[in-house]
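Reading through the structure tokens given below for one structure.
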Amino acid sequence: MDVAYNFTGWNMSLPVNVSEAGMVPIDNRTDDFFGSNQTWSINNVTNGSDITPDPNGSVSRSEIDIYQVHLPLKITLEQWVPIVYYIFGLSGNFLAFIVWIQRRMQHSSGCYLAALALSDLCFLLLHMLYEIHYIWGHKVFNANGACQIFAIVFMWTQHMSPMFVLAFTIERYLAVCHPFKRDKICTKSLAIKVIVSITVVCLLIDGMQGYFWTYVSKADDCDVRGETLIGGVGSVWSVWSWVTEILIFAVVPLLVLIFNILVIHEARKLSENEKIQLQSRKGRRTSTTTFMLLAVSFFLIFTTLPVTIVYNLYAVFQQGDPTLSDEEIHLDQKWQAHLKYTAIKTLVQYFGMAHYACNFYIYCITGKMFRKELVLIFKRVFRIQIPVSRRGTFNSSLRTHSTGFSLRSGALRASERSIRSNKSNGSIKPNGPENTTLL
């Protein structure tokens, strides 16, 4: 009996064969590792050409070998799409983190977004190690200890990202729907406490991965402990994976969606007096920040929920008989349905990965103050002189303008006093024909 597992992080399915002896891989390879849709081998199969003799005398090929023949798009996407995300995501998250830790950007929302950028940056770096290890075949963490640490940290960075989005979504809801509590809720100190709490809770949840995964010296690979798979869908590993998957990648996005709907509904109910009040500088800044955070949180929803839905359909579109020939697979309805599903699953998976790589570009499009601060950073780095009137942001720009007005007014008053003093001393003579200069 084939059982589809929904392993953490990317909601990827793990096809296994349940026998009386416990859990045995169908074809010497599980489908996914650490919530990513990349195939990996339980028996150190890295070239995708492994074949296993069937007890009946037929030959059972590996799933990756079948994909190479019947679905080469999957193999191509797995090898090259992540590289695109690394290029844009690593640079984007690094720049976003630098911007959000600037003194002028360290409001409560900026703290959450800085934490989000850092966690996404770490995830992409770890995902790169994963690709090198399992897709390109260069073993990076094939050692006892390294295997467990990688499993914990990889899942830790994946789970923190949606939780940070939920945190600043709730904060924005409280700021918009309960404005009189804004000064108490939207504070930098409270944001830091929430960030630390989320970090610790996610680490405690994902610390279990250190028990689930272990280095198997015979296979020379990082694998799930056999005892945690006993019991099929009721095994410790299966239950824990399902619970964390549903919590992080289904419940959290749905909560984000609910709070976003409440924020939009409350914003549309604003009275005329409140709309006039929003024309102030602080009001405009709050409204702009709300729009940017809504864009980020909706992006999480659109990139996460489809992945969750698609991967939960694995049980409906399981693979067919691996002993069939290529011609038979081409005519087999079960295999064809599975291949079509796998193609869609792969595309949806990499669309979902965009959440970890594209937030920086959302900030640039929707955040005016973010763009200004980014420009200031580039000017400082490349030693471009910054006009005084453009150095400040938020209230500092208002102070610059008011200070300039005061300086000009003071200079004018000083000039008038000087003229009156010179007149009284006779230094300035009345204008006459002899004192007139032709210009």
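Just so it is clear, glycine is given a Cβ too, placed from its N, Cα and C backbone atoms.
The shown structure was predicted, so the numbers you read here are calculated from the model rather than taken from an experiment.
Outside the transmembrane segment (83-101) by six or more residues, the chain places 110-111, 113-114, 117-118, 120-121, 124-125, 127-128, 350, 353-354, 356-361, 363, 370, 373-374, 377 with a CB less than 8 A from a CB of the stretch. Marked as transmembrane segment by TrEMBL: 83-101 (among others).
Annotated domain 'G-protein coupled receptors family 1 profile' per TrEMBL: 92-363, in sequence order.
What TrEMBL records for 113-136 (among others) is transmembrane segment. Nonlocal intrachain contacts for the transmembrane segment (113-136), taken as residues 6+ away from its ends with a CB within less than 8 angstroms of a stretch CB, comprise 33-34, 36, 38-40, 46, 78-79, 82, 85-86, 89-90, 93-94, 96-97, 100-101, 142, 150, 153-154, 157-158, 160-161, 164-165, 168, 195, 198-199, 296, 355-357, 359-360, 363.
Sequence annotations record features per position, and here TrEMBL assigns transmembrane segment to 148-170 (among others).
Taken from TrEMBL, the feature transmembrane segment covers 190-212 (among others). Counting only same-chain residues 6+ beyond the ends of the transmembrane segment (190-212), those with a CB under 8 A from a CB of the stretch are 8, 34, 108-109, 111-112, 115, 148-149, 151-152, 154-156, 159-160, 163-164, 167, 171, 224-225, 228, 237, 240, 244.
Positions annotated as transmembrane segment by TrEMBL: 239-263 (among others). Outside the transmembrane segment (239-263) by six or more residues, the chain places 5-9, 11, 158-159, 162-163, 165-166, 169-170, 172-173, 176-177, 205, 208, 212, 290, 294, 297-298, 300-301, 304-305, 307-308 with a CB less than 8 A from a CB of the stretch.
Per TrEMBL, the feature transmembrane segment maps to 291-314 (among others).
Under the heading transmembrane segment, TrEMBL lists 347-370 (among others). Here the transmembrane segment (347-370) has Cβ contacts under 8 Å with residues 10, 12, 37, 77, 81-82, 85, 88-89, 92-93, 95-96, 99, 105, 113, 116-117, 120, 123-124, 127, 161, 285, 288-289, 291-292, 295-296, 299-300, 303-304, 306-307, 310, 393-394 of the same chain, all six or more residues outside its ends.
Taken from TrEMBL, the feature region 'Disordered' covers 416-439.
The compositional bias 'Polar residues' annotation in TrEMBL covers 421-439.
Mean pLDDT of the predicted structure over the domain 'G-protein coupled receptors family 1 profile' (92-363): 89.
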